[in-house]
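As recorded in TrEMBL:
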DOMAIN    44-489  domain 'Major facilitator superfamily (MFS) profile'
TRANSMEM  45-70  transmembrane segment
TRANSMEM  82-104  transmembrane segment
TRANSMEM  116-135  transmembrane segment
TRANSMEM  172-195  transmembrane segment
TRANSMEM  215-238  transmembrane segment
TRANSMEM  333-352  transmembrane segment
TRANSMEM  364-380  transmembrane segment
TRANSMEM  458-482  transmembrane segment
């Protein structure tokens, strides 16, 4: 029963039933706004875009300069060991995110999306700046781990984007997040590549004795932190979408869909709660879902290891079969690659998925990746403009194939469950993905470091071994896309 002290606002819904809003509930205020306005909430979508971009940039911005940062820490006794230590810095962020993703989701469900979003943007502002000020390896590891642990934006932001708009605009809200994340993967490497070591690149502006001369990796981190500060201010204007009522537990649950139920229906609500709990546990027994998540995580681990290896290999000296690139060179390649990946995801992938289906597109991507990666050691023998052209083409193709594989499995995961289970299914997928991604950089860095110490081996010397092992992981993932392991009904493929 609703407490009479709490004012309610009534309206008739499309079916003739009565919807009652709590006057002081922020979630009900959003529902009233959605019912009174048929338009797209462009201002809120813009805010969502900025906040998501703020969360995406720190992930990819460090790849162009990470090798040089570890070198300047002087923790590696040999030059070949730099990649080994760089891998742990790359993994620390994902490990932190994996450990707390579920916790931040629970906090967002209990206390609201807005507090989690504000804490996340403040976390980027503080710890990304501290990462740029790192003076040793352990400070870099700690700040990246805390950045991943305390920035729980992505999951609540996906929920927020679907709650702030009417049902017919929810797909657009999800695409706003995906596009912003893609743009972050494009801009991040450019920011890291062109702004790192400014005293060396732009000596007329930054002297070696200046703040940015003493901390050569602060400028790209600070640029992202300033955006995070702007996102924090913007977040204060975001309306809360979670329903917060003070009239009893049953009314709070009922208000999630904008209705107030009669107290006689409390028994029905308890039955519904038990069914929802049972439904969540049943997801772990849903083999079509779990098998697609397992294969998805294998490919995600492969992609994260490749991203770490590619950046470290590109800046490694020629004597270790590297490309001897600068941070700006790596940033340029990764930015071009990210832009092409974004275009493919927006325009070409939907067409390919409609024609071939997600599972076939994923298999084609995995098959083509193997010969492509095998060509990388030979690309290192090129030089000049030919090297730049071939490397950019190879990098673009590799990432297009990767996005084909991962997007295909995301589609399969959503098709393996009913609509009311998709939120929980994506939560399981995100936690597993973060764990696999935390393994990738550490394993990739250690693998490259080991391979660079065996340049004169008879069997697969140097980086030949690196890309051979990456291909083995890719092949394992490819095999697992077939029955009996991948158990997805054919009519859903």
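Cβ atoms are placed via backbone N, Cα and C, with glycine included.
Within the chain, the transmembrane segment (82-104) has long-range Cβ neighbours (under 8 A, six or more residues past its boundaries) at 58-59, 62-63, 66-67, 69-71, 73, 75-76, 116, 120, 137, 140-142, 144-152, 155-156, 304, 308-309, 312, 316, 427, 430-431, 434-435, 437-446, 448-450, 452.
Contact between the transmembrane segment (215-238) and the transmembrane segment (333-352) is not supported, since fewer than 3 Cβ pairs fall under 8 Å when only residues 6 or more apart in sequence are counted. A contact between the transmembrane segment (45-70) and the transmembrane segment (364-380) is absent, since fewer than 3 of their C-beta pairs, 6 or more residues apart, lie under 8 Å. It is 458-482 that, among the stretches 116-135, 172-195, 333-352, 458-482, forms the most Cβ pairs under 8 Å with the transmembrane segment (364-380). The highest tally of CB pairs under 8 A with the transmembrane segment (333-352), across 116-135, 172-195, 458-482, is held by 172-195. Distant neighbours of the transmembrane segment (458-482): 291, 294-295, 298-299, 301-302, 305-306, 309, 313, 320-322, 359, 362-363, 366-367, 369-370, 373-374, 376-377, 380, 405, 447-448, 451-452; these residues of the same chain sit at least 6 beyond its ends, with a Cβ under 8 Å from one of its Cβ atoms.
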